[in-house]
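J.: I'd like to ask some things about the structure below.
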């Protein structure tokens, strides 16, 4: 997999207007180390494509005088980067260091001396102790998308051992130092441009990053950066807009994001802080789109429940229902009348919502006969926690108010008996694989996780 996917986290999205972020992302040294493993594979493959040019020249070799030489057909047969490291450079980017790298080369040699004596053969060169250093800067280009570049690259070829094949052995020893020097110089000139190419090759991929992602037919989310990344000794922090919009209609909600800071934890690769602004902007968008509505039918109720969605059950509270619509199934339409509001507090998430519940009797010909309409206001709190790699939540109904009006068939005073059916506690336990940490703080929640790229 291309390392641009990981560096997309290092410069995920473009710069936007300087406002408070809705989402913050922290990439720790642990995450950067994992990204290094991906990047080193790509760099090693790139260096293996190194083309060492043919070399030729003239050297004076005692005691035979001038010797013309040429080295051709030089190819890399093996290359290894056993020791590498990445370090954060506060305020700048990332430093790369590679030590004890090695390269094995094979090629052909030819020499001529005393104007008429020629010799030729092949050679194998083993280079050890190769050192490469570089600095990687992360910036935003003119379009606001991320761009990476290589600066201050340096390469030093350590020791080399050459073995000749064919020709006169006594001449090898006289001439090996010159061939060794020429090859080492040629290698050093090739390495840094290839390192720079490996890094800048990511930019075409980074230029394709979207800053606006479609969620579904109702909403899209903007995740542009609102400030440049903050780089410290321990992490790179990103401030993202994190705002939902209706598709094709970017209307700002009647509230703004408030400042928040991620906690100092660095045990996981990645930490994501999601503010109440982000979640509430989603509620604002989906409510505007009319998407916060749901038909509830009897087949959605667990079979073990004694309460069924039919006129017999509701007739126990409003007898007219059972009399006028005997033995019929019912359907409830639940929808919001304004956007729900989510509050994050330490170890607690609260949702406040108001809406209506409209009950219908389902006629034999499938037409719906309205029975009553309830107006509802409620507050639900959830205490989220993680067990192993599973997220669980205990949900509690805090406060509620139910009012209603009935169809002309029924007495309004009877509608309040339905509160018994509608006031209960719920426990929902969604599961997210790979989730390691989740908790809520004032005005935001934090997800800590380790990630793994495949493919």
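The backbone N, Cα and C atoms fix where each Cβ goes, glycine too.
Feature table excerpt (TrEMBL):
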| type | residues | note |
| --- | --- | --- |
| SIGNAL | 1-18 | signal peptide |
| DOMAIN | 26-249 | domain 'Lipid-binding serum glycoprotein N-terminal' |
| DISULFID | 153-192 | disulfide bond |
| DOMAIN | 264-449 | domain 'Lipid-binding serum glycoprotein C-terminal' |
J.: For residue 153 (disulfide bond), what is the tally of other C-beta atoms lying within 10 angstroms of its C-beta?
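T.: Summing over all protein chains shown, residue 153 (disulfide bond) has 18 other Cβ atoms within 10 Å.
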J.: Restricting attention to the domain 'Lipid-binding serum glycoprotein C-terminal' (264-449), give the mean pLDDT.
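T.: That region's mean pLDDT is 80.
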J.: Taking DSSP as the reference, which of helix, strand or coil describes residue 192 (disulfide bond)?
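T.: SS state of residue 192 (disulfide bond) = helix.
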